[in-house]
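Q: When I checked TrEMBL for this same protein, it listed these features:
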- 11-35: region 'Disordered' (REGION)
- 134-158: transmembrane segment (TRANSMEM)
- 170-192: transmembrane segment (TRANSMEM)
- 212-232: transmembrane segment (TRANSMEM)
- 352-377: transmembrane segment (TRANSMEM)
- 397-418: transmembrane segment (TRANSMEM)
- 425-445: transmembrane segment (TRANSMEM)
- 474-495: transmembrane segment (TRANSMEM)
- 515-538: transmembrane segment (TRANSMEM)
- 544-565: transmembrane segment (TRANSMEM)
């Protein structure tokens, strides 16, 4: 076996004239005996083993969950029975937590609609802005982020198209924006696993692979759609080629289970947002909270006053009495029959107040359920159970059918999303599984692509239930959404080299694992700052947008090319570009920003303790008016989140927040 000795470098004898023979070379044994250090010998086999160890430490590899419990073979009969009962109990608790998790997502969506639903409707009113494809894209994104539901924003677009306020070709960029906006939910869910760096790395990467797929698809397909209109023409041809008639509504699957709980908490009249978007002035004064669940509409012929004889229905049914003109006219009235039975049915609070209460409550339930689900899965997925589940989920079919596995995962993702009827729910459910290492990011990617397809099939079924006068437009918009996702999958999945979203998500996951505050920065930048900047530039005109955007885009492309060459072909670059060290440190490293964030959190730990305690106490003392209660409640949340190490203080704040919410709920129940 060859042995490699690590020692001091010795001069190599020159070959040729004047060189010394080996016998004439000086003996170095004395020098070695006098104190020269010789590092231990290491075999090449050991070096290969070390290399394998380094490769096994890849943070993206699935971790092995160690089973520290007693082996099954070592248990007596009583122990085996108890273990089986414990496993059944854990499974039941897991199902209960998943149920609450899905319900909290539904309530979170309702809360966002109460807080920003009317503003979302107002955004859609400016038709001149919507005709700008870039502005339409940003509006679709922002509205979906506001209402936390792509189906709601899509229904607004369908209502506007059906009423003639918006053309279908202008609605396509808005649908692309809704596709991006719906991916923010699972990104927020991934942030709940920030406690463990490796879990957070995998969870955030698994969540943002959805973001990158949507963004990259829009970057390619939006200019193509603006230039050629291929989605509009393809779906128009499809609608005109088939005689499609109205059908039944999409079947309620998961909603049958979750609606009893969510409907007992809050019910919304989502038609108000659509009415605001279509320009109904009376809708602005309506509440989104549904009060009457059963109504009856009656039409009667009544005598009514009109401004003049020109407004009469006919000359025969028109007469004057002094200065008043009367006519017979059909009058439609809505008779309220039965009130809704939810907590806020009789509330006197404005929509904003109810939305803020539900927002805090749903976030608390969401975080609690997610933490408990992760801990429960960690306790269940150990030993042989974990090995079997990981093999089933992550193993490819045998050669030569390994390529089929990914497409089967797409079908599974589409089917599961069709069952739960929400891509946000499905992707949010698999995010913690990626975090704890049950599913690899390579397997989560096709599942996520399938969820995009599944949510569009649900929209197609919902569109087929539209009335005949709006059926064509509704179906065309739903098909535009469907073929947009199909085109994105064709670009970014079949060829392994083109699966760029996976590599980008891993790079972002590595960055956020090192600097966890960067996750918040990413959310604010990608879903708020960047869309608003692009929106403002697009309103100024395409010349301004191109003048600012093209140089930035060229700079980004150059930086990407230089980064690739630095990693793979540094010799092709001039010496100054082989590293970014010639730039100021803050321009190529997040370390200076990290030090600043650390200093800010340290300041919060010293200064905010008394403030948080004060505002939590104020939240409980100022029981009514509720506005002040909510103001103090959110200040309490801000100061406690400001320093995530203050665990005891955070518990105190959550306790006082729950007291505040329970008090408001009890007041509303007593009023009802």
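Glycine is treated like the rest: Cβ placed from N, Cα and C.
Please go over these features one by one and say how buried each is and what sits next to it.
A: Same-chain residues lying 6+ beyond the ends of the transmembrane segment (170-192) with a Cβ under 8 Å from its Cβ atoms: 105, 108, 130-131, 133-134, 136-145, 148-150, 153-154, 157, 160-161, 200, 203-204, 206-208, 210-211, 214-215, 217-218, 221-222, 225-226, 231-232, 366-367, 370-371, 423-424, 427-428, 431-432, 435, 452, 455, 477, 480-481, 484-485, 519-520, 522-523, 527.
Below 8 angstroms of C-beta separation, residues 133-134, 137, 168-169, 172-173, 176-177, 179-180, 183, 445, 448-449, 452, 480, 483-485, 487-488, 491-492, 500-501, 504-505, 508, 526 of the same chain, each at least six residues beyond the ends of the transmembrane segment (212-232), sit close to that stretch.
Among residues of the same chain six or more beyond the transmembrane segment (397-418), those with a C-beta under 8 A of the stretch's C-beta atoms are 253, 426, 443, 446-451, 453-455, 457-458, 489, 493.
Tertiary proximity for the transmembrane segment (474-495) is limited to same-chain residues at least six positions away from its ends with a CB under 8 Å from its CB atoms, namely 154, 157-158, 161-162, 168, 171-172, 175-176, 178-179, 213-214, 216-217, 220-221, 231-232, 234-236, 238-239, 244, 406, 410, 445-446, 449, 452-453, 456-457, 459-460, 462-464, 466, 501.
Within the chain carrying the transmembrane segment (544-565), a Cβ under 8 angstroms from the stretch's Cβ atoms is held by residues 134, 534, 537-538, 572-573, 577, all 6 or more beyond its ends.
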